[in-house]
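Student: Submitted below is the structure of interest, expressed as structure tokens.
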């Protein structure tokens with residue numbers, strides 16, 4: 001676990017630890033989870049940017065004390081950092097460990113960027129639905145209008 | 001020093017540690033220093049949000065490993081978090097400790113928000129100059145056009 005690397009940040013009693021985040025993505029994660037000020041200021045959060053990593057060279061680490069993950073979090077975080085590890089901590093122990101991955105299908109989380117798409121019209125109340133069409137670089141296609149999004153621009157399309 | 005509180009984040013060899021930051025301001029500081037991605041991604045940075053503090057109840061802590069402070073940093077950070085402590089670390093020791101305060105005068109760091117101010121006209125090349133007119137709430141007045149800014153809006157006026 002994270003602590004192996006010289007106790008960069010102290011252990012937490014309960015909450016979530018996300019490790020092996022590609023450098024620069026920890027802030028994207030905090031933003032997507034709604035945990036940046038002024039909105040999400042309840043939790044104690046530790047962020048390490050550019051920690052050394054034998055696997056990635058450099059990585060970010062994110063610890064959110066007391067945070068109870070919501071169902072959509074794995075999908076949101078998988079879109080931002082596939083390959084990162086998501087650990088749920090209880091009483092200082094890892095009780096769940098998930099390797100994040102790009103969701104095959106995203107419903108209501110990724111917005112279609114096409115302003116004329118039916119999912120962007122408020123009156124229609126159509127929930128967005130994007131399907132994964134490429135892993136590397138990551139790309140999603142809207143099932144309604146066919147618009148394809150890829151790379152880092154995908155992160156900007158995550159609904160808050 | 002920071003380490004007293006249960007070794008929240010490990011000690012750094014050299015760089016800068018900013019402690020007793022009012023909660024929520026660590027990100028404002030990183031942004032003002034140009035250390036948020038994609039621009040400033042060279043340093044190893046640890047941010048703790050909502051750490052416990054006997055003095056403030058809650059506080060943020062910021063550690064930037066290997067960072068050499070620039071002259072304007074104390075002014076920039078003093079505007080964001082007067083009362084916070086700014087420590088320069090060399091070989092694991094604090095070699096300089098400064099209590100941040102609102103600068104009495106800010107030249108070229110705080111921009112005047114008045115679009116018709118002479119300091120906003122590119123042709124004139126007049127450097128902005130704002131003077132402190134109130135400590136609490138903090139307020140600055142432009143010496144050229146008299147525009148007064150106060151509170152958190154001041155942070156948005158820091159030149160990058």
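Residue numbering: from 1, along the chain as shown.
Placed from the backbone N, Cα and C atoms, the Cβ positions cover glycine too.
Nobody curates TrEMBL annotations by hand; they come from automatic prediction.
Sharing the record's features from TrEMBL:
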BINDING   B:112, B:117, B:142, B:145  Zn(2+) binding site
DOMAIN    B:8-101  domain 'Aspartate carbamoyltransferase regulatory subunit N-terminal'
DOMAIN    B:107-154  domain 'Aspartate carbamoyltransferase regulatory subunit C-terminal'
Student: For the domain 'Aspartate carbamoyltransferase regulatory subunit N-terminal' (B:8-101), jot down how many residues DSSP puts in helix, in strand and in coil.
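Tutor: Split into helix, strand and coil, the domain 'Aspartate carbamoyltransferase regulatory subunit N-terminal' (B:8-101) gives 18 helix, 40 strand, 36 coil.
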Student: Count the Cβ atoms, other than its own, that fall within 10 Å of the Cβ of residue B:145 (Zn(2+) binding site), considering every protein chain shown.
Tutor: 14
Student: Taking the mean position of the Cβ atoms of B:112, B:117, B:142, B:145 as the Zn(2+) site, which residues outside that list, in the same chain, have a Cβ no more than 8 Å away, listed in sequence order?
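Tutor: The surrounding set, listed in chain order, is B:113, B:114, B:118, B:119, B:120, B:128, B:130, B:143, B:144, B:146, B:147.
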Student: Within the domain 'Aspartate carbamoyltransferase regulatory subunit C-terminal' (B:107-154), count helix residues (DSSP H, G, I), strand residues (E, B) and coil residues, in that order.
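Tutor: Final tally across the stretch: 10 helix, 15 strand, 23 coil.
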